[in-house]
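Colleague: Copied straight from TrEMBL:
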type     : residues         : note
BINDING  : 118-131, 154-163 : acetyl-CoA binding site
COMPBIAS : 274-297          : compositional bias 'Polar residues'
DOMAIN   : 1-184            : domain 'N-acetyltransferase'
REGION   : 234-297          : region 'Disordered'
SITE     : 53               : site 'Crucial for catalytic activity'
Ligand SMILES: CC(=O)SCCNC(=O)CCNC(=O)[C@H](O)C(C)(C)COP(=O)(O)OP(=O)(O)OC[C@H]1O[C@@H](n2cnc3c(N)ncnc32)[C@H](O)[C@@H]1OP(=O)(O)O
């Protein structure tokens, strides 16, 4: 995605880690217009991501990033656009308090690192950029893919996880977060923090409540599961929620599409991480450098 300003000047690194300040914590922008331009990049990519996922409203924007403790990994290609660079995509993660079911169906209160949004511009998908982003995040957060939770992953993202990390056997949940077999098996690796029964931390509201609230304001409609069209409510009134009935407990992210099927209970296979080398991915996408043009609309 091209912009009418120098992306390379804005983001010196190939992958920038953006936080609430819209900049890497240790590298505040010196230029006065840098934050505005950074916001433009995030907002435009966020809109494109929402469109790609057929979401009713963006779940990623500069304003949302500023009001949540999320990390956004932004990938550029500095050689495109006459050397001014283009924004290729982003990966957004954050910690969420989730009630999850382990393999025995027992509730476990956790606060894993979650993938909340992931997007590579349309004409650069399947060229290894997504893997580059994902692997950078894994290294930065010192986490393994099986230790993370995924907020209603799209079919493309599920295919991505299976291809690159052999994550395919999910543990059935009652919300829209997907976790895979190793999530519970490796408790010694991932300390699943037991959350006391007092009120949760203020900065990160559980179960995507914050995003729901913002989307509700933007859309001027009631939040899920009470969203109804202008037409009279279906009969029975809550029939529309039947397909979301698994999400009535916790952790759902109603801003995405309908829930996707999870693995059948009892189907278990311990995934082994075999990420492909980044070099391979870079080789793969290099072949497409001239394939398409990016545009900022
Ligand atoms: C929790 C969430 O964020 S869910 C939302 C995920 N985002 C989206 O669905 C938005 C649209 N899709 C995308 O932006 C990208 O395809 C991403 C971010 C999912 C993956 O990034 P990419 O750069 O395409 O991934 P990368 O090139 O590293 O890996 C390619 C693999 O991803 C999967 N994949 C990517 N695109 C597709 C596709 N159109 N159809 C099926 N699988 C796909 C495949 O496994 C693919 O391997 P293959 O080409 O050998 O079949």
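Every residue gets a Cβ built from N, Cα and C, even glycine.
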Colleague: With every protein chain in view, what's the tally of Cβ atoms within 10 Å of the Cβ of residue 127 (acetyl-CoA binding site), excluding that atom itself?
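Modeller: By my count, 20.
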Colleague: Enumerate same-chain residues with a sequence separation of six or more from residue 161 (acetyl-CoA binding site) and a Cβ-Cβ distance below 8 A; give 'none' if the list is empty.
Modeller: 145, 150, 153, 167, 168, 180
Colleague: Using a 10 Å cut-off on Cβ-Cβ distances across all protein chains shown, tell me which of the binding-site residues (130, 155) has the largest neighbour count.
Modeller: 130
Colleague: List, in residue order, those binding-site residues out of 121, 158, 161 with a Cβ under 6 Å from any atom belonging to ligand 1.
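Modeller: Close enough to ligand 1 is none of the binding-site residues.
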Colleague: Quick check for the class: what is the C-alpha distance, in angstrom and rounded, between residue 130 (acetyl-CoA binding site) and residue 53 (site 'Crucial for catalytic activity')?
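Modeller: Distance between the two Cα atoms comes out at 15 Å.
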Colleague: How many Å separate the Cα atoms of residue 158 (acetyl-CoA binding site) and residue 53 (site 'Crucial for catalytic activity')?
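Modeller: The Cα atom of residue 158 (acetyl-CoA binding site) is 13 Å away from the Cα atom of residue 53 (site 'Crucial for catalytic activity').
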Colleague: Please report the Cα separation of residue 155 (acetyl-CoA binding site) and residue 53 (site 'Crucial for catalytic activity') in Å, rounded to an integer.
Modeller: 10
Colleague: I'm checking region-level scores; what's the whole-number mean pLDDT for the domain 'N-acetyltransferase' (1-184)?
Modeller: 93
